[in-house]
């Protein structure tokens with residue numbers, strides 16, 4: 001078979017697959033079968049009712065200059081560049097942190113953001129599809145505050161589906177009901193309504209982000225960075241000598257709305273085979289080869305999409321805050337000819353670690369300092385998906401998203417002088433080794449008073465769908481948030497409502513709630529009986545990463561020799577395939593906190609549980625009326 005025939009065959013297969021996905025999605029969205037019932041329970045946001053084919057540009061809706069050509073060869077189409085409005089693209093300058101005008105030592109203040117959420121048609125990589133946007137921009141805007149500030153974010157939902165916003169990594173101490181998790185801390189914001197997220201940012205600084213926590217909506221565009229500054233930052237600026245500060249967002253990307261993939265993913269016999277992305281994006285943009293789609297694919301594609309550009313001045317240093325906001329893929333990030341000095345991981349400042357390759361799982365954040373000490377030209381920045389983590393192939397996927405590190409005013413594309421590091425992709429879907437990360441501010445892990453074991457896998461459930469189970473329970477979104485259930489019973493002194501287990505004592509179905517005694521230090525052993533690796537995120541806390549292994553069972557003989565001196569602290573950690581990870585927390589933050597895999601497909605399958613902490617403080621709470629008012633009477 002010739003290379004041209006191979007491309008044609010791949011495109012035919014892709015077109016066939018796409019049409020099949022969409023037929024299945026239409027069936028799922030229009031039926032009242034078991035999948036729809038489960039999807040509503042999981043809060044997957046089905047019901048968008050927006051099929052890809054409904055949003056092709058046509059002669060009646062666009063000028064001829066912006067309409068793709070219909071002339072085609074046997075294997076590809078030729079396309080004209082779009083001349084339409086691209087005002088939906090967020091300006092690259094929005095992710096640059098102005099260090100000169102920002103006062104790290106300012107007195108605490110109130111910072112107000114007004115967001116309108118909507119669905120629009122856009123082409124981040126050249127392929128036209130529907131995306132979800134904040135204030136009409138893709139990706140979402142940056143939120144920037146100082147530690148101690150009060151943050152008011154008024155969210156108006158103009159989308160066809162309910163939604164919430166979760167502020168990833170924030171402790172929300174004393175404001176558990178602002179954590180943004182449907183079925184746990186709030187009911188979602190209905191279409192056409194508004195809700196005010198109102199909380200104070202205490203005792204934290206660093207690199208965070210926000211995203212929708214309803215179904216798989218964040219994969220469709222509801223996300224953005226959140227940066228918390230503090231006076232200590234000046235010390236790090238001096239120590240590492242950086243004069244620029246910039247957010248970098250990487251993500252996997254699909255050419256259809258995420259809900260269209262769920263019927264097949266959750267179908268019996270799928271064996272947890274996740275949909276493979278169609279592309280990767282940096283700063284919400286990348287190039288896609290339109291010739292990989294046949295004329296009958298149902299896609300509109302433009303061949304002139306751009307790559308993200310990161311200007312630097314020679315012999316200066318820049319802090320890059322890189323965040324994996326994608327829904328599935330783990331990335332290996334490199335910059336040709338340049339090493340990276342890691343100084344932060346999940347908002348924990350760490351001792352400098354020089355790397356050529358930075359591995360970053362979904363939801364994780366790192367800061368690294370780049371020294372622009374090479375000849376003044378352009379260099380490729382490469383965010384390569386670890387395809388070893390995928391169970392199937394996608395014939396249209398180029399797993400490497402490219403950005404450009406541009407010295408000065410250079411306008412030339414990276415050429416032969418831009419040399420990729422000669423490193424082989426790690427075949428193991430694993431975390432950056434936590435033992436390499438040493439927190440700059442040392443904190444000893446206190447002795448644990450209790451030990452809990454969490455085991456998870458994927459099974460075919462009673463409803464004949466392929467679901468995830470934690471200690472035998474698969475999560476579905478409760479109509480009444482568990483917080484709304486539990487607080488009144490704690491207040492009434494009903495002790496049957498503070499029992500560790502699968503929620504039976506709460507009268508709640510499909511809820512695994514781990515109730516930790518007040519203020520205890522506890523170990524949680526996460527055992528993975530699945531063949532894939534899983535990035536687990538704990539809301540409301542940072543934990544100590546005590547140990548991890550690719551072996552299936554925890555070696556109890558090593559327990560007394562764990563490193564407690566200054567282990568890495570973070571909020572998202574990878575649990576290896578058929579392996580385990582041991583974390584330690586001090587359960588001092590009152591509330592109900594989601595603990596889940598951050599792969600969006602896996603949350604949709606029910607891979608989520610809850611931690612209940614500080615019952616002694618929760619019993620005195622009064623949940624605000626505006627939060628309660630989101631729930632149907």
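Cβ atoms here come from the backbone N, Cα and C positions, even for glycine.
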Given ranges 1-25, 26-50, the stretch to which TrEMBL attaches the annotation transmembrane segment: 26-50
Mean of the pLDDT scores, which run from 0 to 100, over the domain 'Plastocyanin-like' (491-615): 90
Secondary structure content, the domain 'Plastocyanin-like' (123-232) (per DSSP, counts of residues): 7 helix, 50 strand, 53 coil
